[in-house]
Amino acid sequence: MDRRRFLQFAGTGVATASLAGCMGGSKSKDANQQLDGPIKIGVLAPEPGNNPIGASMANSAKLAAKQLNDNGGVLGSDVNVVVKDTKEDPATGKRKYQELTVGEQVDLTTGVFTSEVQLNLMSSIAQQQTLHLNTGAASPETTRKVAENYDRFKYYFRTGPVNSHYLGQNMVDFAKANFESMGWNSVAILAEDYTWTEPISKALNGSLSEAGIDVPVNKRYAGGTENFSPIYDDVANAGVDAAYVVMAHTGTSAVVQWAKQQRPFGFGGIHVPMQLPSYYGSVNGACRYAVTQNSATPQSEITSKTVPYANAYQKANGKYPVYTGYITFDAVKMYAEAVKQAGSKESGKVIPKLENMSYTGTTAEAVEYYGRDHQYPHDVKYGKKYAWPVWLQWRETEGSGSQEVIWPDNLSTTKYQSPPWV
Amino acid sequence: MVDVLTTVVNAVTISALYALVAIGFTLIFGVGGVLNLAHGAILTIGAFTAYYATSALGLGIWTGAAAALVVAAVFSAVLYLGMIRWVQDEPILVMILTLVTSIAIEQFFVVTVGTQSKAVPSLLPGQLTLAGISVQTNQALTFVLSWVLIGGLIVAVNYTQTGKAILATSMTKKGAALVGIESDRMYLYTWLLAGALAGVAGVFLASYRTASYTMGRGPLILSFSIVVLGGIGSIRGSVVGAYLIGFLEVFTVSYVDSSLSGLASLVVLVVVLLVRPEGLFGRELTEA
């Protein structure tokens, strides 16, 4: 048993250590040789059976694996995918992570939607020393850990989305470029009170005012909020042009109540449920005229890979993916490329390859990670050349909804249209 | 600061809905002495019945609402006949069983529908303008329908033979039995009624907020406060309690802090239990 394995043995207690000891036999072989058996990828997804965010993660990892296997695998080895349900619960997520790394002995873990779940996994990732490519959770606290202790947390990368600090920066960039033409001179910021929205609130605070946009209401509302009437009364009373929102868990209640109550202001921002291509039908069209940021849409040609991936996903699953699908697909393909370059599955050899890679994915021409000396090491780079989200408005065409891109200009299919009741 | 009149309209409509939920809850406790912790989940069943009827079967929302009423009432009756009837004299067992049922229903919807909320069409779309403020027609309908149902229930309980029998059973099971009233049948009627009211309330709540697997939790907790404040077993007390709690909640959320939703009613629950445990219109139990 090597020293690394011994330390792990000592740290995880007798029961876990026994399993780790069994693992040691196969993994401690010289990694420079051919790949030892198939590549096993563990996906941690919320409710992969019925939550579009989790389903997109699980199905995209499987699609990427199938495409790799159809092309002869990675260095001759097959890629296998194992999916576990985190149930958006930190304790469950940790248990499932242990099952994947200790029980299934996977070579890579990916997925994870909720920041609360991802943060709870960080110490386990450091302990297991198994590579993890996050494809859903946006809290920058995770990569801040890599900055604080690189050697301990270097196994952690975020392939996407951009971290919430940059999500907030992107909201400011969108506002500066578009608010004037949209007629949004004053907005009310409404952010649900979860970990992932905290850096966005910080990034927005003051930045919009500096850009000449009036922000009379800036509210972080309780995570469990179901009744938005009192909040909307406040917003309407302030006479703003729009609610600039940051929502994932509470988004559907918010947009449905906005539309049903025909509130006299526009609605847009980061709204995770609205990113789902089939969302229009599930809310009876309530998202019409609402705007959201997204990593990609099925029709947007961000790169030459975006539309073919979306179509392949649609063919395999009967529906289009949400953003976590694009990112997970890129993560698995990028990992495969790194393994090829390293000639090994061993994390220590794959990490430098990922750190130095510039990969054309479905969400960016250049998926690259920030370096060791950056504020957020191993976080996907944000910028026009790198991950640069698209903004879309839900519109109705021929009785059904469509996600029309309004920004950036090179991908836009339409201009923003104000709701008729505003 | 939000216009007071707007806040009053919000409070009145939400209170009308709370009254529907709380009356069912108090009926079951007042008549059968059973604390039904699955009452909120029955509301969720009503909401998702309407959702499925409109989205999957393509039926109109009014048909969906009728289906919700029937399905929720039948579920409630089956819950009584299949489970509660056998253990109704064991209050702890009843609480555990109804709590477990409630969790099982929530998990059923997590598995079948998912964790994302679902939109349910309004029973009456559009807006009305009343005294210079605009009100959703759906909200106005909730208020009217709530009073129609409450009125109908009060009339039924006080002036029909079955209603009087239910009232008699709630006062004394032994006395009612002596005059030939079958208490089991009366309990079944109350479960049916409570289920139907919860089903309708679920459709309304879903139609202006969305349906989600956790949507029954808030109304269940509020029902505790309402029923304790109004007096356990009193329909009149439940209506008054619903309006007091509804106003308290909406005004707290509007004028103090939106994150305090639900807290004010729990404070009321504790204070009433300590200061006036029989509530505003409660009575002492006539038999042990």
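Glycine is no exception: its Cβ is also placed from the backbone N, Cα and C atoms.
Unlike curated records, TrEMBL annotations are generated automatically.
These come from TrEMBL:
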TRANSMEM  B:12-38  transmembrane segment
TRANSMEM  B:50-80  transmembrane segment
TRANSMEM  B:92-113  transmembrane segment
TRANSMEM  B:140-159  transmembrane segment
TRANSMEM  B:188-208  transmembrane segment
TRANSMEM  B:220-246  transmembrane segment
TRANSMEM  B:258-275  transmembrane segment
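Here the transmembrane segment (B:50-80) lies next to the transmembrane segment (B:188-208) in space: the count of CB pairs under 8 Å, restricted to residues six or more apart, reaches at least 3. Recorded stretches compared: B:12-38, B:140-159, B:188-208; the one with the most Cβ pairs under 8 Å to the transmembrane segment (B:92-113) is B:12-38.
Note on the transmembrane segment (B:12-38): residues 79, 84, 88, 91, 94-95, 98-99, 101-102, 105, 135, 139-140, 142-143, 146-147, 149-150, 153, 166, 169-170, 186-187, 190-191, 193-198, 200-201, 204-205, 219-220, 222-224, 226-227, 230, 232-235, 237-239, 241-243, 245-247, 249-250 of its chain, located 6 or more positions outside it, place their CB under 8 angstroms from a CB of the stretch. Sequence-distant neighbours of the transmembrane segment (B:188-208) (same chain, 6+ residues past either end, Cβ-Cβ under 8 Å): 17, 20-21, 23-25, 27-28, 31-32, 36, 39-40, 42-51, 61, 64-65, 68-77, 79-81, 84, 118, 120-123, 136, 138-139, 142, 145, 149, 153, 162, 166, 215-216, 219.
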